[in-house]
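Asks: Pasting in a structure now, in C-alpha cells, and then I'll have a few things to ask.
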Number of protein chains: 2
Amino acid sequence: MKGPIDAKRRRFLASAAVGAAAAAAAFPAPAIAQEKREWKMVTSWPKGLPGVGTGAERIAQRITDMSGGRLTVKVYAAGEIVPALECFSAVAEGKAEMGHDASYYHIGKHRQAPFFTTVPFGLTANELSAWIHFGGGQELWDELYAGFGLKPFLAGNTGTQMLGWYRKELKTADDYKGLKVRMAGLGAEVVKRLGATVVTVPAGEIFQALQNGTVDAAEWVGPYNDQALGLNQVAEYYYGPGFQEPSAGLELIVNKKLYDELPKDLQMIVAVAAQAAHDDLWAEYALRNGEALANLITKGTKVARVPNELMIAMGSASGEVLAEERDKADAIGKKIFESFLKARGPASAYTRIGEQAMANARALAYKYIE
Amino acid sequence: MKGPIDAKRRRFLASAAVGAAAAAAAFPAPAIAQEKREWKMVTSWPKGLPGVGTGAERIAQRITDMSGGRLTVKVYAAGEIVPALECFSAVAEGKAEMGHDASYYHIGKHRQAPFFTTVPFGLTANELSAWIHFGGGQELWDELYAGFGLKPFLAGNTGTQMLGWYRKELKTADDYKGLKVRMAGLGAEVVKRLGATVVTVPAGEIFQALQNGTVDAAEWVGPYNDQALGLNQVAEYYYGPGFQEPSAGLELIVNKKLYDELPKDLQMIVAVAAQAAHDDLWAEYALRNGEALANLITKGTKVARVPNELMIAMGSASGEVLAEERDKADAIGKKIFESFLKARGPASAYTRIGEQAMANARALAYKYIE
C-alpha cells in the first residue's frame with residue numbers, strides 16, 4: 001500500500017500549494033526507490049507444475065500482497081534463468097534474490113543437506129516442522145547455509161510420497177535383485193543394497209524410460225503429480241508408502257546479505273509466508289493426491305501397500321546407509337544427525353499413540369455416515 | 001514501518017523550512033491516526049497456557065511485526081475482558097476486534113459450528129486444512145459466520161488428542177456402562193450411547209473431580225497440556241487416540257466489518273499469519289506432546305491404545321450421532337456435512353496408503369540408527 005499512499009500524498013502536497021522545490025526536496029527520488037524491491041524467485045519446478053510450482057507462485061503473491069508491493073516477487077520456472085538444480089548457486093551468487101526448491105538437491109554441497117527435505121524412515125511433514133521450529137533444526141540449517149551465503153526457510157511439503165511405479169508385483173526384498181530403478185537421494189543407496197541398479201532419469205523422461213524398458217520401476221512424487229506425467233499408462237503397479245520420503249520438505253532460500261538488509265517487517269513477511277506455505281502446499285497435496293488416487297484406480301492402476309517383510313528390509317538397509325553417512329559426517333553433519341534423532345524419538349512416539357493410531361482406528365470396520 | 005517513516009518525513013519537511021501551516025495541512029491528524037490500529041485479541045485460553053495460549057501470542061506478535069506496527073495486536077487471556085467461552089459474541093459485538101478460540105465452543109450458535117474444529121472419526125489436522133483451503137470448507141465457514149458478523153480463519157491445531165485419563169482399565173465397550181466421564185462436544189453424545197454419564201467439569205477443576213471421584217475419567221487435550229494440570233497424579237491409565245478429536249482446529253475470528261475495512265495488505269497479513277499458525281501450533285504440540293508422554297511414562301502412567309473392539313463401537317456410535325445431527329440440520333448445515341464428507345473420502349484414502357502406512361512401517365522391527 002506504500003506506493004498509492006505516497007502518490008496520494010504527493011498530489012496532496014502539490015494541491016496544498018507547497019513550492020515545487022520544497023516538494024522535490026521532501027521526497028528525494030533515491031529514498032523512494034529504496035523502498036520498492038523487485039525480487040526474482042528461481043525454482044526447480046517446470047512452469048505451472050501443480051503443487052510445488054503453483055505453491056511457489058502463491059508464496060510470491062503473498063509476499064507481494066502482504067508488503068503492499070514494497071517487495072514484489074516474480075517466479076521463474078526451471079530453465080528460465082537457471083536450470084532446475086542450480087537455484088542454490090544462483091541465489092548464493094545473487095543472480096536471483098530467492099529460490100524455491102528442496103535441500104536434498106544440494107547433497108553435493110553438503111552430505112547432510114537432505115535432512116531438511118527428508119530422510120529414509122525419518123519424519124512425517126508435521127514432525128519435520130516440529131524439528132525445524134521447536135527442536136533446533138532451524139538453527140543448524142541456518143548455520144549450514146550461512147556458509148554458502150543463504151538463509152533457508154521450510155516452505156512447503158508434499159506429504160508422504162509413494163514408493164513408485166512398478167511393472168511387476170513386489171513381494172519380498174529379493175524382487176529388487178537386478179531391478180533397474182529410477183530413485184533419487186539416499187533412497188537410491190538403500191535400493192542398491194537390496195540389489196537394484198539405480199538409473200538416473202530426469203522427471204520429463206520417466207514416462208519414456210518406463211515405456212522402453214530403460215527402467216523397470218520409477219518414483220517421482222505421488223498421485224497428483226505422477227498422474228500428470230501419465231505414468232499409469234506405462235506401469236501397472238503403484239506402491240506406497242515411499243520409505244525414501246516419509247515427507248518431503250521444500251525450502252525457500254534467500255540471499256543472506258539481502259535478507260539481512262531487509263527491514264524487520266519484510267523479514268517477518270518472508271518468514272511467515274514460508275511457514276504458511278508448509279501448511280498450504282501439503283494441504284493441497286492431501287486432497288489432490290486422494291482425488292488422483294481414486295481416478296488412477298478407476299483407470300486400472302493396481303494400488304498396493306509395500307509388504308511388511310520388504311519394508312523391514314528397507315528399514316534395516318536405511319539404517320545401514322545412515323550409519324555409514326554419520327561415520328563420514330563432519331562436525332556440523334554430526335550435529336544434524338544428533339538433533340534430528342533427538343526430535344524423531346518423541347515426535348514419532350506421540351504420532352504412534354495419536355495420529356497414526358487414529359488413522360488406523362478410522363480404517364476399522366464400523367458404520368459411519370456416507 | 002509506516003510510523004517511523006512518517007515521523008522522519010515530518011522532521012524533514014520542518015527542516016526544509018516549509019511553513020508550519022502547510023505542513024499541518026499536508027498531514028491531517030485523522031489521516032495518520034487511521035493508519036495505526038490497536039486491536040485486542042480475546043482468547044479462550046488461561047494466561048500463558050503453553051500451546052494454544054502462547055500460540056495465540058505468536059499470531060499477535062507476527063501480525064504486529066509484519067505490519068510494521070500499523071496493526072498492533074494485544075492478547076487477552078480468558079476472563080481478562082470476557083469469559084473463556086464468550087469470544088464469539090465479544091468479537092461480533094466489537095468488544096474486541098479479534099479472538100482466538102475453537103469453533104466447537106459455538107455449537108449453541110449453530111449445530112454444525114464444531115465441524116471447523118473436529119468431528120468424531122473425522123479429519124486429521126492436515127486433512128482439515130485440505131478441506132478448509134482446497135475443498136470448499138472456507139467458503140461454507142465464511143457463509144456461516146458472516147451471519148454473525150464474523151470472518152473466520154483456521155489458525156492452529158493441537159493434532160490428534162488423547163481419549164483421556166481413566167482410573168480403571170478399558171477393555172470393551174461395556175466398560176463405559178455407568179462410567180462418569182468428563183468429555184465435551186459430540187464425543188460426549190457418543191460415550192452416552194455406550195452407557196456413560198457425562199459430567200460437565202471446567203478445565204481448572206478436572207484434577208479435583210478425578211481425585212474426589214466426581215468423575216471416573218476425563219479428557220482434556222494431550223500430554224503437553226494434561227501434564228501441566230497434573231492429571232497423571234489422579235488417574236493411572238492414559239488412553240489414546242481420542243476418537244472425539246482426530247485433530248482440533250483452532251480459529252482466529254475477526255469482526256467482519258473491521259476486517260473488510262482493512263487495507264488489502266493488512267487483510268493478507270492477518271490471513272497468512274493465521275495459516276502459518278496452523279503449522280506452528282501443531283508442530284509445537286507434536287514435539288512437546290512426545291516429550292511429555294515420555295516423562296509421564298517415566299513417572300508411572302500406563303499409556304495404552306484403545307482396544308479395537310471398543311474403537312469399532314465408538315465409530316458406529318459416532319456414525320449414529322452424526323446421522324441424527326444431519327437429519328436435524330438446516331440448509332447450510334447439510335451443505336457442511338456434504339462438503340466435509342466429500343473431502344474426508346479422498347483425503348483419508350491417501351493418508352491410508354501414504355502417511356498412515358509410513359508411520360506403521362516406521363514402527364516395524366527393523367534396525368535403525370539411534
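Placement of Cβ uses the backbone N, Cα and C atoms for every residue, glycine included.
Remember, TrEMBL labels are computer predictions, not curated facts.
Pulled from TrEMBL, these are the listed features:
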| type | residues | note |
| --- | --- | --- |
| SIGNAL | B:1-33 | signal peptide |
| BINDING | B:Gln161, B:Arg182, B:Glu219, B:Glu245 | substrate binding site |
| BINDING | B:Trp220 | Na(+) binding site |
Asks: Can you name every residue in this chain, apart from B:Gln161, B:Arg182, B:Glu219, B:Glu245, with its Cβ inside 8 Å of the center of the Cβ atoms of the recorded substrate site?
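Replies: Other same-chain residues near the substrate site: B:Met162, B:Leu163, B:Gly164, B:Met183, B:Ala184, B:Gly187, B:Ala218, B:Trp220, B:Val221, B:Gly242, B:Gln244.
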Asks: Could you check the binding-site residues B:Glu219, B:Glu245 and say which one's CB has the most other CB atoms within 10 Å?
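Replies: In terms of Cβ crowding, the pick is B:Glu245.
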Asks: Quick one: among the binding-site residues B:Gln161, B:Arg182, which has the most Cβ atoms sitting within 10 Å of its own Cβ?
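Replies: Comparing the binding-site residues B:Gln161, B:Arg182, the most crowded Cβ belongs to B:Gln161.
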Asks: For B:Trp220 (Na(+) binding site) and B:Gln161 (substrate binding site), what Cα-Cα distance in Å is obtained after rounding to a whole number?
Replies: 8
Asks: What's the longest C-alpha separation between any two of B:Gln161, B:Arg182, B:Glu219, B:Glu245, the listed substrate-binding residues, in angstrom?
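Replies: With B:Gln161, B:Arg182, B:Glu219, B:Glu245 as the binding residues for substrate, the largest Cα distance is 14 Å.
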